[in-house]
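Take a look at the following structure, please.
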Amino acid sequence: MAIAQSTFPTLLDGWSNYQNLLVKALAPLSSDQLEVSAAPNLRSVEDIVLHIIGARARWFTLVIHEGGEEMEAFSEWDRKDMPRRSAAELVTALETTWRLMQASIARWTPADWEEKLDDEGYIVTRSWIIWHLIEHDVHHGGEASITLGMHGLAAPDL
């Protein structure tokens, strides 16, 4: 089912607002605050955000083949044995991946949105990938928000 072109700006505006709220909540956090988790067996706030960043970068570089080296640099940030990141680094990575994604999205034609792409044997479209990244950001942003709130820290007003 094709989505009306008039729907995309609304979706992208909402996603942009979500991005801004997440960045605003993360910016003032200390390293100790980034390490909090909802339970010992769950990801820390830092790990959750690293996962958001890594997923964005991998979808854009490995499947869509856009974003170049700048985007690719973030594709393994959420892998084991990678260095810990400060709030400033996380914010910069969120803002950079956001900027690169939006630059690509802004120039895509309606045909580009429905282009068939190979994701390791699964055929997906750019529209599916963008929807998946929106739901991924919302899911994990909510996870970070709940975790922050559980520890009495300011959470994004999502």
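Quick reminder: no glycine exception, Cβ is built from N, Cα and C everywhere.
Pulled the feature table from TrEMBL, pasting it below:
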BINDING   H51, H136, H140  divalent metal cation binding site
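What does the local environment look like for each feature on the list?
Around the Cβ of H136 (divalent metal cation binding site), the number of neighbouring Cβ atoms within 10 Å comes to 15.
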Can you list, in sequence order, the residues of the same chain other than H51, H136, H140 whose CB lies within 8 Å of the CB centroid of the divalent metal cation site?
I48, I52, A55, D137, H139, G141, E143
Around H140 (divalent metal cation binding site), how many other C-beta atoms are within 10 angstroms of its C-beta?
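Taking every protein chain into account, the count is 19.
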